[in-house]
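As annotated by TrEMBL, Zn(2+) binding site applies to A:C100, A:C103, A:C140, A:C143. The Fe cation binding site annotation in TrEMBL covers A:H132.
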2 protein chains.
Amino acid sequence: MESRIDRIKKQLHGASYKLTPQREATVRVLLENEEDHLSAEDVYLLVKEKAPEIGLATVYRTLELLTELKIVDKINFGDGVSRYDLRQEGAAHFHHHLVCIECGAVDEIQEDLLDDVEAVVEKRWNFTVKDHRLTFHGICWRCNERHANEDEQ
Amino acid sequence: MESRIDRIKKQLHGASYKLTPQREATVRVLLENEEDHLSAEDVYLLVKEKAPEIGLATVYRTLELLTELKIVDKINFGDGVSRYDLRQEGAAHFHHHLVCIECGAVDEIQEDLLDDVEAVVEKRWNFTVKDHRLTFHGICWRCNERHANEDEQ
DNA sequence: TTACTAAATTAGAATAATTATAAAATGATT
DNA sequence: AATCATTTTATAATTATTCTAATTTAGTAA
Ligand SMILES: [Mn+2]
Ligand SMILES: [Mn+2]
Ligand SMILES: [Zn+2]
Ligand SMILES: [Zn+2]
């Protein structure tokens, strides 16, 4: 955890930004909620618990900065807010998401899975892929299991 | 074109909605700009040209209705507005997009390309795929050709 | 330390997208 | 023609995000 923060600090310094207390508190919240998909407001409320003086605009600016440095990815699941997601260290591409249309859960797929598709896109469309967003909408394993049990009855 | 409208009219009736003049004007704008990715405001301004009395809220409501009926898909490219995209008639899934990070162009891929990936997702994650959103970010063929020409000089 | 300077933060205002509300209009049905 | 549900309009309200100006902080040099 600390080493992760240190490496992020170095990334910031490398781009001649400082790791201010507010930025550090924001990064810590993101690390502590790595599996979640927090909105700026969510992050703000959580950061406020440890650094009550922080302003919402600072959170927005910090998230924007982290996005620029590809430390986090900004994503939109269609509910009107942007959400921020820590990128796996060293990952070339953003990971994928499974959004359940029944229970609303959002699960992650860290494997890339798109190598073949990207090869096709690069060749057939002469498009140089730098990143991607892939989200599946459907029924998650929990809801599927629940339905299976209900049918058994 | 007319037959396309007729089929949409039937879809609406099938769900016990009417094809009011405002709704028809909105659908026509979408059909006439099928290759674009219009925001609600964009649609509103275009509809206003043929039906100047229409209100913005009606456009929003119509687009929401068309989304519900899967006649259009709502998508967000990260620029703060939702965009609306006619779905190919009979297509099971939303098509894919190529967003150029240099010139901003948005191109479409109508082929599915994800059959294999979806099979993996269904089997390995026990996730029942109903739909998807796939967007590649990178450099489009036009920009790639331009760069190639510049290098030649 | 002290002074200087650029970067960063704060509080609050402004903007912009979207949604909600209430009154009026429409259109199908008896 | 009268009725009743649906739809639209105009406008207000809400919400997410960005901007602004004043203040604070952190780093550097005297
Ligand atoms: Mn994620
Ligand atoms: Mn499209
Ligand atoms: Zn579920
Ligand atoms: Zn381009």
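Glycine too: its Cβ is placed from the backbone N, Cα and C atoms.
All TrEMBL annotations are machine predictions without curation.
Other residues of the same chain near the Zn(2+) site, with their Cβ within 8 Å of the Cβ centroid of A:C100, A:C103, A:C140, A:C143, are A:I101, A:E102, A:G104, A:A105, A:I139, A:W141, A:R142, A:N144. If you take the Cα of the residue listed as 'Fe cation binding site' and the Cα of A:C100 (Zn(2+) binding site), they are about 20 angstrom apart, rounded to a whole number.
Between the listed binding-site residues, namely A:C100, A:C103, the fewest other CB atoms within 10 angstroms of a CB are found at A:C103. Each of the binding-site residues A:C140, A:C143 was scored by how many other Cβ atoms lie within 10 Å of its Cβ, and the smallest score goes to A:C143.
DSSP assigns A:H132 (Fe cation binding site) to a strand. Cβ contacts within 10 Å of A:H132 (Fe cation binding site), excluding its own Cβ and spanning all protein chains shown: 22.
Reduced to three states, the DSSP call for A:C143 (Zn(2+) binding site) is helix.
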